[in-house]
């Protein structure tokens, strides 16, 4: 079912009363209890002539939810018998739709309410912030080859190729290792395609991957992934340093410490790794320009080493190198400790044992006791590199795992290998130095990945085809005289690989120590992570000194691990997470089809991005599931930290677009129907007023809103301004800023809205009609009680208040806190006390739900809930209490229950007097229009005359009623000091202190019907005489009697309560007794400190079902 909304407003020049009240007629359409009359037609023609009327009505009316309480036919039929002449006259007009509780408690045990509902919606929150754009730094203009291709080649080729590739082939087999290489290279290729699309979608300043992710996915994702990428680059530096130290300690045969035992290798790596790290950090600190100049030298070493390997492979086909390997069973033996690969030697003197024998046996004699494995296996000597034509590849096709099962060890191989394919961001990191970044980054990066992939895949095949499997599995080259296994294959000498790989690892380490601090500095300067702001500072030339220090400290952690195989999976996690979000950024932008998404690189698709993202996530858990979880926890913690404590940035990112799309989808789903009762929560429209300086006059109203939002839901804080929109635009902006500031102070999450109209009543009506969007509209209105409504200059406030009530009567609940200044702030705590609910008529269960929501907040948490209901003489109060207790048990609400019996009593003379004074004042306002001074004199004369006439008729009744129902004014003022501003004081007659009726006579309301003011002479003695002789309306007398009796009972039971919730009677339908209605409510709540008047919205909001 579709719906249309519209607004009713007058033209700018139209007077308030110069034409028929169009707004009032339209408001009747939204009042379910008031039929449209012919006056709507009468007002149509003048409206068409002089006013702009935009009317939007729902295409189909939404029937009220079926329930045993609302629109109950039984209650309607029995209304006249049950309520006529009782103490419920104040609520008589509500009985059509809101039957009395006493008539319903007998059926509460069979309570059923199953309305049609819809799924819950999610609320998308948009934070707007200004953006400080970086100015691109001018740098040398580099092309594709020097700016992207060669830097990527240098960063991708690294220590893993020279130190671990042969071992990976030996353990995983040619097929298994080829699969690993293919998976990792496919991941980087797909990531490069996504990165090319993102990088070519506009100018990418210096900042590389961090800039792309943060501007595509927002500051939260950008900061989290940027820091992860920084940690990955830092640990990569530690891995390169460990690789360089491993080359020095193991392969050249240099014993730096004099200790050949492998047990001391780790400590040696820690010591020498720390020394090398300190040296590299010093070089970076002194001058980065030297690092950049040596980059080409290091790259030349890498290329030369790879060429030497290919040359060695070709040489094995012609002349295989002589590299004998001694095996004991299927294990290689270290040549350094023996000279002959045999257990015994046959000489002319007989059989003698060798040095190898003496290593495994307790004596050199043949009858010695030897190691079991040594005795059970033969010693053989094989050729370690048989050559590419030897056919050894068939033996190396399949994996050979030691001890561990295939799954766990295969995952270990993935984690160790993946760092060898990282480095694809080197080109994008230099985007600020490129002549044409949108062309160079895609071409250079994809060509570099293609080149390295070919090298890696061919290396796997060539290693398996040239080298024996036993030698491939020799991680430290102990079987080939302590040489690198890949070095034995190189031509012309193994030293080419050793020297080339050492300089390669040193160069890569320097590049990591150079790039990581700059990445951290870029994140710090963006200001999205407040804790990192200190790292945005550096030397005078901009070098990141503090960032370099932090990078060196984190790098030292990796060096203390002292294991290349243990550090590699750590940096794999961080790089994979970065690549995953690059793919996510591309896929998200593509699917959202944002107008700004126009990359020059056209060879991308969202399916490729999702495939790359899936591969990244799969490889993360393949490498190490616990490292993956730790990395995600770190990234998630950084994300939440930036979200709550970081600077708010609006970069037009994809997450904002995703939020808009999700919000649109949710709103469209909400249009399908009303939410189920179980999903009902107060979606509040909070109406506040502002002073001349646009400051909020009732800040505690937002405190109450925060305390009510335990049910979450929508919150709209609105205010109305009087005037024309163009002339008051600045005022509206200031009011909106004041609302936002107060909402932030009170921690109210929601939206604010300011409307401007020719009068406040219309502006408030616009807020009620137009706030919200689609199915996400407010269902309750929170508005403060007009405290000073009796004052002459406040007459428009209470008229607007009643108009607001009528506008909400159709389908909105209404919450009216009285004496809002006495309500607690969010910082206060009630350690004890009660929240009293006076359940007089049932209007959907709002009175039950609101105390429950309040008690979820820390302010009201320790308050206990009490529920009072009223029983008449013919009601069974004992059964009512049992039924109400059962109902609360089914609702899962803990509360004390009490049924208050109201005895029938005659209407007292004081009630007649109070009603008469009220009506006399109303009539006076219609006939006279006096100045303030003259008005006070007339008030005094009317008071004296009416008081004297009543005393003459029944003095005893007056005295009795005063002693029973009223306290002295002094006591009242002591109990309610906060109410004093609501009742201004005037010079009083000595007799005024004897009757509370005089308090009604103290103030007057202005005449606001638009008629011309009459001169003071219009108030003739004849007119006053008619007013003195008038008799009170019996209907008003009965309503006043109800208000006084209920107030007497409520004050007696709940005077000490922290909060009292009462059913709020509806305003009169005839619109002629509005002043009387305000007086009834004032009498009903007199003597209570905090009162929350509640009027339901015509549907059930609470259910006993799960």
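A Cβ is built for glycine as well, from the same backbone N, Cα and C atoms used for every other residue.
Annotated compositional bias 'Polar residues' per TrEMBL: 1-10 (among others), in sequence order.
As annotated by TrEMBL, region 'Disordered' applies to 1-81 (among others).
According to TrEMBL, the feature compositional bias 'Polar residues' maps to 64-81 (among others).
As annotated by TrEMBL, region 'Disordered' applies to 113-136 (among others).
Residues annotated as compositional bias 'Basic and acidic residues' in TrEMBL: 118-134.
Per TrEMBL, the feature domain 'Amino acid permease/ SLC12A' maps to 148-314 (among others).
Tertiary neighbourhood of the transmembrane segment (221-249): same-chain residues 158-159, 162-163, 209-210, 213-215, 256, 265, 268-269, 272-273, 276-277, 280, 419, 422, 425, 484, 498, 501-502, 505-506, 508-509, 512-513, 515-516, 519-520, 522-523, 526, 528-529, 551, 554-559, 561-564, 567-568, 570-571, 573-575, 577-578, 581, 631, 634-636, 638-639, 642, 646, 653, 655, selected by CB-CB distance under 8 Å and a gap of 6+ residues from either end. Annotation source TrEMBL lists transmembrane segment at 221-249 (among others).
What TrEMBL records for 269-288 (among others) is transmembrane segment.
Per TrEMBL, the feature transmembrane segment maps to 295-314 (among others).
The domain 'Amino acid permease/ SLC12A' annotation in TrEMBL covers 394-685 (among others).
As annotated by TrEMBL, transmembrane segment applies to 406-426 (among others). Here the transmembrane segment (406-426) has long-range neighbours at 148, 151-152, 154-158, 160-161, 164-165, 168, 171-172, 176-177, 180-181, 183-185, 187-188, 191-192, 195, 208-209, 229, 232, 236, 239, 399, 445, 448-449, 452, 456, 564-565, 568-569, 571-572, 575-576, 578, 619, 622-624, 627, meaning same-chain residues at least 6 beyond its ends whose C-beta is under 8 angstroms from one of its own.
According to TrEMBL, the transmembrane segment annotation covers 446-472 (among others). Beyond the transmembrane segment (446-472), the same-chain residues lying 6 or more positions past its ends with a Cβ under 8 Å from any Cβ of the stretch are 148-149, 152-153, 156-157, 161, 165-167, 169-171, 173-174, 177-178, 181-182, 185, 188-189, 192-193, 196, 306, 309-310, 313, 316, 323, 325, 327, 330-332, 382-388, 390, 392-393, 395-397, 400, 420-421, 424, 427, 479-480, 485-486, 488-489.
As annotated by TrEMBL, transmembrane segment applies to 492-510 (among others). Tertiary neighbourhood of the transmembrane segment (492-510): same-chain residues 154-155, 157-159, 162-163, 236-237, 240-241, 243-244, 247-248, 251-252, 276, 280, 283-284, 291, 294-295, 297-299, 301-302, 304-305, 308-309, 311, 483-484, 486, selected by CB-CB distance under 8 Å and a gap of 6+ residues from either end.
Residues 159, 163-164, 231, 234-235, 237-239, 241-243, 246, 266-267, 269-270, 273-274, 277-278, 281, 284-285, 416, 512-513, 516-518, 520-521, 524, 534-535, 537-538, 570 of the same chain lie 6 or more positions beyond the ends of the transmembrane segment (546-564) yet place their CB under 8 Å from a CB of it. For 546-564 (among others), the entry in TrEMBL reads transmembrane segment.
Outside the transmembrane segment (570-591), and at least 6 residues removed from its termini, the chain residues within Cβ reach (under 8 Å) are 187-188, 190-191, 193-195, 197-198, 201, 209, 212-213, 216-217, 221, 225, 228-229, 231-233, 235-236, 239, 415, 418-419, 422, 425, 558, 597, 604-606, 609-610, 612-613, 616-617, 619-620, 623-624, 627-628, 630-632, 635, 654-655, 657-658. Residues or ranges marked as transmembrane segment by TrEMBL: 570-591 (among others).
Taken from TrEMBL, the feature transmembrane segment applies to 603-628 (among others). Within the chain, the transmembrane segment (603-628) has long-range Cβ neighbours (under 8 A, six or more residues past its boundaries) at 183-184, 186-187, 190-191, 193-194, 196-197, 410-411, 414-415, 418, 569-570, 572-573, 576-577, 579-580, 583-584, 586-587, 590-591.
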Counting CB pairs under 8 Å, which listed stretch among 148-314, 394-685, 699-796 touches the domain 'SLC12A transporter C-terminal' (1039-1106) the most? 394-685
Pull the DSSP breakdown for the domain 'SLC12A transporter C-terminal' (1039-1106) and write it out as helix, strand, coil residue counts. 27 helix, 10 strand, 31 coil
So what's near the transmembrane segment (295-314) in sequence-distant terms, Cβ-Cβ under 8 Å and 6+ beyond its ends? 150-151, 153-154, 157, 161-162, 321, 388, 455, 459, 462, 466, 486, 489-492, 496-497, 499-501, 503-504, 506-508, 511
Whole-number mean pLDDT, the domain 'SLC12A transporter C-terminal' (699-796), equals 83
Sort the residues of the domain 'SLC12A transporter C-terminal' (699-796) into helix, strand and coil with DSSP and give the three counts. 45 helix, 21 strand, 32 coil
